[in-house]
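Per TrEMBL, the features are:
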type: BINDING; residues: CYS8, CYS22, CYS25, CYS31; note: [4Fe-4S] cluster 1 binding site
type: BINDING; residues: GLY62, LYS63, GLY64, GLY65, VAL66, GLY67, LYS68, SER69; note: ATP binding site
type: BINDING; residues: CYS224, CYS227; note: [4Fe-4S] cluster 2 binding site
Amino acid sequence: MEEVPHDCPGADSTQAGRGPSCQGCPNQRLCASGAGAAPDPAIEEIKEKMKTVKHKILILSGKGGVGKSTFSAHLAHGLAEDENTQVALLDIDICGPSIPKIMGLEGEQYVEDNLGVMSVGFLLSSPDDAVIWRGPKKNGMIKQFLRDVDWGDVDYLLVDTPPGTSDEHLSVVQYLAAARIDGAVIVTTPQEVSLQDVRKEINFCHKVALPVIGVVENMSGFVCPRCKKESQIFPPTTGGAEGMCQDLKVPLLGKVPLDPHIGESCDKGQSFFVEAPNSPATLAYRSIIQKIQEFCTPRQPKEDLVSS
């Protein structure tokens, strides 16, 4: 994972890419190219395009293999269960576009009438093709997705990102800055090896002024398919996501147990909620989704209700 320097001046600073702490940072050239330069006109174009998108949520992870794309897909499925809610899922994991497979899409971009997907995976001649691009080409692809796709009237735009804090993350935050991002959901597993990277991810969010909606602890236990009992597979040796969230003062949205049906559903391109509606994992997902919805649509203040 590419680490944001502890005293990073921030991507929007005039010292971005030029300060002492920037030396050796993998993002130095990208930040320096924008420091003090005229803003990319695409930012205003994207702001205009995003006027029809109510809520924008980034799904992040400190490292790979924690179930981030699986969570992104099921967050989209869960939100779209309300047929009056329009949902779009954008996959900017350029080198590992797994969303089309998880969503069961082959040449199509709509799972349901109210759930659409965009991914570089749709542009490849074969699912086995490798995307071997440098940073500028990845950034150009993200710009095209945000500016040139006809998103239409959307209630939720969910952005599935690659692991870490690299070019893709800086690009999507920069391009959506003027359009206002609701925040980021960060996915982790209970082990310290995962949590240490999540701490860096939270630090990244603070540096680029990206609100943290909360953290999801995935694979927090194992649900036996026979007896339905749950046991710990990855013991939280340092307190797990709950302990980390308390230390860093960020919300813990919930814990999703490991259920074999989740992997099966992803391989089949089906919604896990339909396959296992009564699973503890399904109930955990639904609770988390409700919290995200509440974050994006806060209650109206009492004084506003009186005046209206």
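Every residue gets a Cβ built from N, Cα and C, even glycine.
Overlay of TrEMBL annotations on the structure.
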residue	record	Cβ neighbours (10 Å)
CYS8	[4Fe-4S] cluster 1 binding site	23
CYS22	[4Fe-4S] cluster 1 binding site	21
GLY62	ATP binding site	26
LYS63	ATP binding site	20
GLY64	ATP binding site	15
GLY65	ATP binding site	10
VAL66	ATP binding site	23
SER69	ATP binding site	26
CYS224	[4Fe-4S] cluster 2 binding site	11
CYS227	[4Fe-4S] cluster 2 binding site	7
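Using Cα positions, the member of the binding-site residues CYS8, CYS22, LYS63, GLY67 nearest to CYS227 ([4Fe-4S] cluster 2 binding site) is identified as GLY67. For CYS22 ([4Fe-4S] cluster 1 binding site) paired with GLY65 (ATP binding site), the C-alpha to C-alpha distance reads 29 Å.
For the binding-site residues listed here (CYS31, LYS68), the lowest count of other CB atoms within 10 A around the CB belongs to CYS31. For LYS68 (ATP binding site), the nearest neighbour among the binding-site residues CYS8, CYS31, CYS224, judged by Cα separation, is CYS224.
Compute the center of the Cβ atoms of GLY62, LYS63, GLY64, GLY65, VAL66, GLY67, LYS68, SER69, which mark the site for ATP; besides them, the chain residues with Cβ within 8 Å of that center are SER61, PRO163, VAL187, THR188, THR189, SER194. Checked against CYS224 ([4Fe-4S] cluster 2 binding site), the binding-site residues CYS8, GLY62, LYS63, GLY65 differ in C-alpha distance, with GLY65 being the nearest.
A separation of roughly 28 Å, to the nearest angstrom, links the Cα atoms of GLY65 (ATP binding site) and CYS31 ([4Fe-4S] cluster 1 binding site).
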